[in-house]
Amino acid sequence: MLNLVLTAIVVGMLVGLISSVFGLGGGIILVPALNIVFHFSQNEAIATSLATIALTTLLNTIRFAQKKEIDWSVVFNILIFSAVSASLGGYLVSVLSEKILLTVFILFLFYILLQMFCSHQFKASRGRKKSRWFWATSIGFSSGLISGTTGVGGGIIITPLLFKSGIVENKKAVPITNVVMFFNAFFSLIPMAFSDPAAHSIWGMGLIHFDQALLLFLGAIPASLIGTRYQAKISVGVKKKVIALILLIILIKMLFRLL
C-alpha cells in the first residue's frame, strides 16, 4: 500500500515537473502513466487524469480569480457549448471500447506533434475577427469533446483559439483557459462517475480513482512550483526536442498497447 502511495506521488511530481518546465499538458503524460505504471484501463486512466486536472485547474482558477484576471463573460459564453460536448465526451468514454479510446488518444498525440512543428504563433486579429459566439462555439465544442474523450485538459486547443479569435486580451487567455479546462474536466467526469464501477477502493466512483488523483495532485503541485523557476533557463529549441522525444516514447508505448 505504501509503495502505491509513494509511486503515485512520484509520478505526480514527474508530471508536474515536465508540465511546468516544458509546457506539455499534464494529461498527455498522465493518461499513459496511469496505463503503464498503475495498469489502468484506458477509460479509467482518462477519468482519473481528468480528476487530477480538475483539482489542479481549480487551484489555478482560484488564484486567477483572486487577482481578477478572468473575463467571466467570455468563460460563460464558452461553457454553454463545452458543458454539452464535455458531457458527451465523458459518456463516450464510458461506452466505447478500450481499442477505440486508445486510437483516439494516439491520433491526438499525432495532432500535437504536427502542431509543434508546423504551426506558427497565433496573434490576435481584431480587424477580421468573427463574432464572439462563433469563437465560443468553436472553442467550447472542440475543447470539451477532446477533453472528455482523451483525458487531457484541452489547453492545446483553447489557448491558440483564444489568441486567434481576438475576443480577449492575450494576457487573459491563460486564466480563461484554466477555468474552461476545470469545467471541461468537471462535466466530463459526471457520466464517468455513474458508469459501471472499476475495481478500486472506497475512494473511487464509477471509472474515477479519486485516491490516485489526489496523490498525483499532491505530487504535482510542489514539483510545478519548482519547475516554473527553471523553465525560462531552457531554450525553446531544447524544449521542442525534449517534448518531441517524450511524445514519441509515449506514442510507441501506446501503439504497442493497441496492437
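Including glycine, each Cβ sits where the backbone N, Cα and C put it.
Feature list (source: TrEMBL):
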TRANSMEM  6-34  transmembrane segment
TRANSMEM  46-66  transmembrane segment
TRANSMEM  72-93  transmembrane segment
TRANSMEM  100-122  transmembrane segment
TRANSMEM  134-163  transmembrane segment
TRANSMEM  175-194  transmembrane segment
TRANSMEM  200-221  transmembrane segment
TRANSMEM  242-258  transmembrane segment
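With a cut-off of 8 Å on Cβ pairs spaced 6 or more residues apart, the transmembrane segment (134-163) and the transmembrane segment (242-258) reach fewer than 3 such pairs and are scored as not touching.
For the transmembrane segment (46-66), the partner stretch with the highest count of Cβ pairs under 8 angstroms, out of 72-93, 100-122, 175-194, 200-221, 242-258, is 175-194. Tertiary proximity for the transmembrane segment (72-93) is limited to same-chain residues at least six positions away from its ends with a CB under 8 Å from its CB atoms, namely 43, 46-47, 101, 132-133, 136-137, 139-149, 151, 167-168, 172, 176, 179-180, 183-192, 195, 207.
Within the same chain, residues 43, 46-47, 50-51, 53-54, 57-58, 60-61, 64, 69-71, 74-75, 78-79, 82-83, 86-87, 89-91, 93-94, 139-140, 143-144, 147-148, 153-155, 158-159, 162, 168, 205-208 sit at least 6 positions outside the transmembrane segment (175-194) and bring their C-beta atoms closer than 8 Å to a C-beta of that stretch.
Cβ atoms under 8 Å from those of the transmembrane segment (6-34) belong to residues 40, 42, 44-46, 48-50, 52-53, 56, 105, 109, 112, 150-153, 155-156, 212, 215-228, 230-231, 234, 239, 242-243, 246-247, 250, 253-254 of the same chain, restricted to positions at least 6 beyond its ends.
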